């Protein structure tokens, strides 16, 4: 699918239109595709866990704004992503990547015809794992994935019926390993994707990802008809504002490192090398269900209440085991020397490690604190947030 700007749009809306175009083709956008050429290393999350409660305010050390419009923060609801007018698409993304693990987001979606709320994991070579909520579908969430931007098939999307997504906070979790992607809602598995089931692994998301949170108007009248239909109809901005709330985020990184580097053009997880590696046992298990339930569609809690899962990895499932990140270090260190990472950090050494059983240091990064490795802002920011790849080509 392609999105084109209308020359009749006011100049003030052009930036928003660019964001909408990128959002509508998220699976085809990257600032540097490491399967096509050598790219700078990605800044990594160097510790096993990161958490943020947005009800305490923003964390500008670890998140960047990449959309149009601002994100506000409230003590009751957390981060508020609001569309007030045509062209708004407030979006934030992590200033670092993680390499297999878990992304747990406590949130409630926005209402409104044509309004799309999103939680996206996305890599430089166009691997992607998504949650998407359509504003006119109050009791449904969509899941999707992409591998290397491949949109030749349209059977990747899924829909899950559940409880109230717009009036209740729910825990939406993606668990991601070299062999399996699992989507959870309030601790219950709603979908799995095995490596072999994604075109024999060719479409399986497997390279370091950033986490993106955002909202956009798929129903904007300037979008292609197929996008508008998928989003539920044309958006009437006079019925706004439309707001998605994210209360908290917990990211578990199974391969903590200061940076990640693609040692060849294969796009395989085995080609990823890492620098300044942190090791330690990091269990990857089912997220704890939310404590306050609603019948008929998963557990949740009323907006504005404080009865919630405080985060953590707490069940008794067997831990996942990852494998060697790469099979050989030959030539990797020299090829990486002198590069400047996407976060502005010079990369001077590359260490290849085995991560069969990483060990966990006795610390966790919480929102508002600084990393021991100082991060700069991601050099070239992507405005792509949501994927509408489940649509047939328009």
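Glycine is no exception: its Cβ is also placed from the backbone N, Cα and C atoms.
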- Looking at the ranges 280-322, 323-365, which is given as region 'Disordered' in TrEMBL? 280-322
- Message: I'm trying to understand the geometry here, so how far is the Cα atom of residue 32 (disulfide bond) from the Cα atom of residue 128 (active site, nucleophile), in Å to the nearest whole number?
- Response: 15
- Determine the Cβ neighbour count for residue 128 (active site, nucleophile): the number of other Cβ atoms within 10 Å of its Cβ. 25
- Taking the domain 'GH16' (40-239) alone, what is its mean pLDDT? 95
